[in-house]
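Positions annotated as disulfide bond by TrEMBL: Cys163-Cys196, Cys164-Cys180. Annotation comment: TrEMBL describes 20-45, 65-88, 100-122 as transmembrane segment.
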Amino acid sequence: MARKPNRHRTSGKFNYVNRWIKYLLCVTNFYFMIAGCLLFILGIIAFAESGILNRKSSVSLLQWIFNLTVLVFGVGFITMCVAFTGFIGSLRENQCLLKFYYISLALLFVCETIIGIFFFVYRESAMNRIEEVVKKTFISQYREIGFEDSTKFVDFIQIELQCCGAKSYNDWTENRYFSCNSTNYSSKACGVPYSCCKRMNNINENVINTSCGHGVQNLSPPQASPLVWTVGCVQALASLLESNVVPVSCVISGIAVLQLLAILLAKALYTQIGDQLRLLQHEGPLR
């Protein structure tokens, strides 16, 4: 005789749906939905206040995508939508929403895995690609109207990681204010932002000298080294991650386990709901 699937007894009636799984998914996705909603609202407010829509010059698609405000409300919107389907799907025992939820998480997990493998196998090519993207986005949009958040982010990264540019301090020629060519008559020409400087002010470190990197691009690395950080920020970040490989691996593994657990639980609940529906069709409505 074929073994019947486990049934959870509720008030003397068989019920395939495990309430522990159901409400665990409900509570978890509710908090993620709230967090995503807050990120989305914060991103919208920051985007509206940035003034990027009032820019007279055009903005490339790549610059739109890597605008910090766009990234914030984009991540918030996706998180909110996926968590919403997980929350409502588990609460209302809706198979359609649950299926969308666990397939979305599965696709996200597969994409993360492919990116991780690609970066591990083709590390040098991936680093070069990231450096090119950083030059075309964060460096080129530095100090531009509507990208004030990106400007502050770049300064923060360069100060904290003690780096300059994507690959080197010469990357700042990609920025129209610091470009080193005959058509740039700005006082910042051939220079770098103050956040690249090892000492922002030789007299008083509490006062920032925004011209401390003046003319640095005309110097060779040995000549520039006493004045500014010559290592690129992409390499500096990679070195930071490599020096903390154990905690970074633990965080990545923890995220992966949580994603897999959410996928398995959602799939299990989806199957249980299907079993319950077939039971009701076979025996009639529970009374």
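Cβ from N, Cα, C; glycine included.
TrEMBL entries are annotated by machine, without manual review.
Cα to Cα, Cys164 (disulfide bond) and Cys196 (disulfide bond) are separated by 5 Å. A straight line from the CA of Cys196 (disulfide bond) to the CA of Cys180 (disulfide bond) spans 17 Å. Of all the Cβ atoms in the protein chains shown, 26 others lie within 10 Å of the Cβ of Cys163 (disulfide bond).
The separation of Cys163 (disulfide bond) from Cys180 (disulfide bond), Cα to Cα, is 20 Å. According to its DSSP assignment, Cys196 (disulfide bond) is helical. All chains included, 15 other C-beta atoms sit within 10 angstroms of the C-beta of Cys180 (disulfide bond).
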